[in-house]
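Note sheet for the following structure.
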Amino acid sequence: MKNYSKNATYLITVLLFSFVAMLLIIPSKCEAVSNDMQPLEARTADLVQQPRYIIDVPPRCPPGSKFVHKRCRVIVP
């Protein structure tokens with residue numbers, strides 16, 4: 001009978017130790033995976049092009065000048 005109780009004590013000790021080890025190791029692994037995924041998610045968000053609504057608004061030029069070829073040009077009479 002003593003042999004069985006010794007084996008049971010050993011088994012319970014091993015199981016408790018492995019359970020504590022899993023509790024310590026698994027959260028650190030999950031944190032490392034989430035840290036690795038974060039830059040990847042940021043990169044994919046940058047790569048996805050969002051629709052841009054471009055509104056053509058003519059720029060204001062000072063009096064006596066006109067907007068020609070993306071610049072304000074002075075009109076000489």
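Note that Cβ sites are derived from N, Cα and C of the backbone, with glycine treated the same way.
Its own atom aside, the Cβ of Cys72 (disulfide bond) has 13 Cβ atoms within 10 angstroms in the protein chains shown. The feature disulfide bond is assigned by Swiss-Prot to Cys61-Cys72.
Residues or ranges marked as signal peptide by Swiss-Prot: 1-32.
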- prompt: According to DSSP, which kind of secondary structure is Cys72 (disulfide bond) found in, if we only use helix, strand and coil?
  reply: strand
Statement: Neighbouring CB atoms within 10 angstroms of the CB of Cys61 (disulfide bond), all protein chains considered, total 15
